[in-house]
Number of protein chains: 2
Amino acid sequence: MADINSTFDIGVTTGPIRGSRKIHVGPLGVAMREIDLEPSSGEPPVRVYDTSGPYTDPAAQIDIRKGLPQLRREWQLARGDVEEYAAREVKPEDNGQLGPDRSGGVPAFPNVRQRVLRAKPGANLSQMHYARRGIITPEMEYVAIRENIGREQIAREMDGNSWGAAIPEYVTPEFVRDEVARGRAIIPSNVNHPEAEPMAIGRNFLVKINANIGNSAVASDVASEVDKMVWSIRWGADTVMDLSTGRNIHDTREWIIRNSPVPIGTVPIYQALEKVGGIAEDLTWEIFRDTLIEQAEQGVDYFTIHAGVRLPYVPMTAKRVTGIVSRGGSIMAKWCLAHHKESFLYERFDEITEIMKAYDIAYSLGDGLRPGSIADANDEAQFAELYTLGELTKRAWEQDVQVMIEGPGHVPMHKIKENMDKQLAACGEAPFYTLGPLVTDIAPGYDHITSGIGAAMIGWFGTAMLCYVTPKEHLGLPDRDDVKVGVVTYKLAAHAADLAKGHPAAKVRDDALSRARFEFRWRDQFNLSLDPDTAEQYHDQTLPAEGAKTAHFCSMCGPKFCSMKITQEVRDFAAKQNSESYLAATAPVADAEKGMDEMSRVYNETGRELYIGQGDREHD
Amino acid sequence: MADINSTFDIGVTTGPIRGSRKIHVGPLGVAMREIDLEPSSGEPPVRVYDTSGPYTDPAAQIDIRKGLPQLRREWQLARGDVEEYAAREVKPEDNGQLGPDRSGGVPAFPNVRQRVLRAKPGANLSQMHYARRGIITPEMEYVAIRENIGREQIAREMDGNSWGAAIPEYVTPEFVRDEVARGRAIIPSNVNHPEAEPMAIGRNFLVKINANIGNSAVASDVASEVDKMVWSIRWGADTVMDLSTGRNIHDTREWIIRNSPVPIGTVPIYQALEKVGGIAEDLTWEIFRDTLIEQAEQGVDYFTIHAGVRLPYVPMTAKRVTGIVSRGGSIMAKWCLAHHKESFLYERFDEITEIMKAYDIAYSLGDGLRPGSIADANDEAQFAELYTLGELTKRAWEQDVQVMIEGPGHVPMHKIKENMDKQLAACGEAPFYTLGPLVTDIAPGYDHITSGIGAAMIGWFGTAMLCYVTPKEHLGLPDRDDVKVGVVTYKLAAHAADLAKGHPAAKVRDDALSRARFEFRWRDQFNLSLDPDTAEQYHDQTLPAEGAKTAHFCSMCGPKFCSMKITQEVRDFAAKQNSESYLAATAPVADAEKGMDEMSRVYNETGRELYIGQGDREHD
């Protein structure tokens, strides 16, 4: 990874992704990457969707103590519906009872905004609200340009099966507006996170992926958390969830949000539980509400709210093999049981929605009763909760608040589609956001793969965002390498889903890479791949010589057996013939004697010499 | 991997897989593994399918210079249809023109059999031939016991969608015979490979996986090749293909076969091409035939034969993005073009079949025109060849010779099922054996995953064996770590397919592992996983203390937030209540006030104390 300029003084990874140039397109300066191909290819650069933010832009000045530029600030103010006010004061319990001397704590972010934004009384900042009033926001325009990457380059063949989605040949701002208005897509965009580059999550857009980061009671520190965010967006994470549960939860989040060009999600109940010393039954609406405001003012773009874990559903989990595996779900189940009352998240749902619309925070309605094992997939508890999430979706939409729905979990392949079908029906096509699902339980250490299989499939069926799983799932906390493997695995799963759905430009990158592979343009092959560093490293382990990167063979077959080289000869030969007459001469085979000697002579003149040349090289 | 006793003097990995005991079941001594669970679980040991051979049996004497015991020798002789004869003499060209001084060569296997077996004149050693005459061989009995693992332990719930397969609740020897007779399954079992433990490849049996090993012109040596075989079967490879293309090809194969307890496959055209100095057009039927005999006498269990690459199909590949990517396919395409003649493999197919039946070698009809990129999937060339393979299947069956069909390759998700459907129809349900398929081209370095997605799906749809892909695919030669990752990835894909097809006992291991996970039996969780060493290693990276393996929490949430512990409390609580009256009291929710205080009191007595105790531990 020689070309990554790790600036250790600021603790995050910067520098271009190898082989890519950062570009900014149109008046909004929509960020993309362009991969230049070798001149011999005669091909134009390949543009790819880019989530990495300014960190991969050599022209950007990165200082994580200052945070990123406020891309959306002007757009927000121009709408005239926001007011600035003094932010809620940070309390000791926000950071796990960190005292004024801050001993044991991370440094506070040095540039905290004392004044924050929210909707003026009676206003609603939600992108859905604008959309429903017919307003195309700059966020929607940004999304349209971003989603169209590559579509101008191709003949717009729609080769795929989208299972009833409505993927357009070309994404217009009006299309984005319409999707948001209908609730089929969301643009998570808290007014206090103006640093974020707008992106859409919806079944008719490219499939997105989320990476989870966060410290826990056991390990982690702020510098590594910020870098995990930067590192995960470098490799393709479209959003990042901060699932911190230890101390310093408030300050860590501030560092992350101020430096994040992608939407940030959280599960506010985690922090609320910290504030009551970890005793679920001591949670109250007031503490929870205060936590929502705290995080809203910091700029969290979507909240996971487990409002579907209702009291009567809790006993449905008693006979499961793995009960309740969602942290938020189990906290709420415990609260419900301890008080023998309906969940305050459910009862206060409309009040939560009031907060969401004042900052434009999107709901990510949590699946607190998702299955934690193959045995528990698609059971009564899971679907009871899903129907409640559908009911809550409609209630949120009544206030024009954006919603997505979280999904499982652990599901064998034959039960995956039922999840998608039921979600679409129950939740009115609100975007589905699933964790995998894992298609078997027996491969701890490889659950990025067991879940990548399920993720690719459910992404194809219509899931809008896939929450990544790392190799450490079920075993430990992911490190930097695990985060990268998780992100790349999910990026390839999401892309496979885009291909299968028939997204018009999804094939552009596959085809460019395959042509590079066929023509032995090794560097183009590396640069076009999701992880150019690993691709080159693996190649070099077998053939380290620099010359091997321009050799017209590879280590699998060696120079003499190379099937791709032989194919090139076949192609050259076929090109020399009139294809029609060639076929006429060869089919039916029984009549093919005529002309064979002549064709054999032509072939041997065109193909054999080059081939022997390669063979000779090996026998030197 | 402390418990692997690597005996470096013999160069291969031995010792039990951690947490497993080798067992031998029934009069045939069918090899399996048993995983003992912690006594606290109150659960019986879990039996799992075992491909690892004597290498994981502490009681076995391993000496790779002697080779493995000849398990099947007596069965073969008892049938009275074999004759012993002097083996073909090894020629210099068999080992890449290695001279008598063997300079630059690997050592010859010290225990080569001078006399080998074949069918008596007029006899046919094929398992299919016995099956069609109503004979149940010991091989079929062995397979039946092997395939039934776990089925006695469960209530035989058939939860799955097998897409029209005919998976029995219980596998009888008669069922195996019938499947082999119909051509729906094969038992690869060359009479000269009596060391192999019988196994079946067929849509109504467990999904199998193959690992490729083999040196090339660029790298490798014999010791590492034998250990790659031992290493790949340790982690679950059901068959191994030796794809060597360099020198020492004959001697390396002898070392591998004499030490392999799983069927060995090869692509004979690779060695034949070596014998003509790498010049495809110099290949002749005589040289190819002599190579078949050479390998038949060594004991190769199945041959990949690219007899479907017919002259008229070659020009169909000219406009592909990646032409012909199969090595065998491109060699034959080149031969056909150079001579402008029909393939000698196609023309001499019945003569090849005569050889196959004299040794009981199975056909693996090669897909020489498989797509090498998403762009080329499911095209005219691919399916033209498939239909020819169907025609050849029937011709092989006319002589009672076992057949499986090779399949792609690179296929986007929405085009996978068409491959399976067309194969079943064209090839009369002969077992399908696919390479992945890869569902996108853009992730070199991660192609075990892009292909694992396609493999799990096509395995579910009915593919009988999945050929593994390692992380080095397209980039370099796999090392030991890559082989393991490839095998484990394919094992989990095959198992996911078994689950989705509804194999009666597939869930046994998932459920046992999930119960272990839920009850924090960490060691059981490691031992039940496909790769116990990696699972424990990942766990220990975050929580290295020995005590953490018995702790009732894990590193993801820490002790206070543990969702699984909370669920246990929910379950304990629910168990204390009469479930009926509990539900009556809680639903509908609006009527639930009655009795709440009492229930809250009971819950707090049963659950809260334990929970606070855990919380306290963290705050110590």
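Just so you know, the numbers here start at 1 and follow the chain as drawn.
From the backbone N, Cα and C atoms, a Cβ is placed for every residue, glycine too.
In TrEMBL, annotation is done automatically, which means it is predicted and not curated.
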Exercise for the section: Look at the substrate binding annotation in TrEMBL, where A:N212, A:M241, A:Y270, A:H306, A:S326, A:R327, A:G328, A:D367, A:G368, A:L369, A:R370, A:Y433 are given, and name the residue from A:E347, A:E391, A:E398, A:E406 listed for that site too. Expected result: A:E406
Completion exercise
If you rank the binding-site residues A:N212, A:S326 by how many other Cβ atoms lie within 10 Å of their Cβ, the lowest count goes to A:N212
Problem - the domain 'ThiC-associated' (A:19-83) - residue tally per DSSP class, helix then strand then coil - result: 13 helix, 18 strand, 34 coil
Completion exercise
Listed binding-site residues A:N212, A:S326, A:G368, A:R370, A:Y433 screened against chain B; CB under 8 A survivors are A:S326
Fill in the blank from the handout: Most isolated by CB count within 10 A, of the binding-site residues A:Y270, A:Y433, is A:Y270
Practice task
Measuring Cα to Cα, tell me the gap between A:H410 (Zn(2+) binding site) and A:R370 (substrate binding site) in whole angstrom.
Solution key: 8
Exercise for the section: Please work out the number of neighbouring Cβ atoms within 10 Å of the Cβ of A:H410 (Zn(2+) binding site), leaving out its own Cβ. Expected result: 29
Exercise for the section: To the nearest whole angstrom, state the Cα distance for the pair A:Y270 (substrate binding site) and A:H474 (Zn(2+) binding site). Expected result: 19
Practice task
Sorry to bug you, but what's the C-alpha spacing from A:H474 (Zn(2+) binding site) to A:N212 (substrate binding site), rounded to the closest Å?
Solution key: 14
Practice task
Sorry to bug you, but what's the C-alpha spacing from A:H474 (Zn(2+) binding site) to A:G368 (substrate binding site), rounded to the closest Å?
Solution key: 17
Handout entry: Neighbourhood of A:H474 (Zn(2+) binding site), C-beta criterion under 8 angstroms, separation at least six
Key = A:P444, A:D447
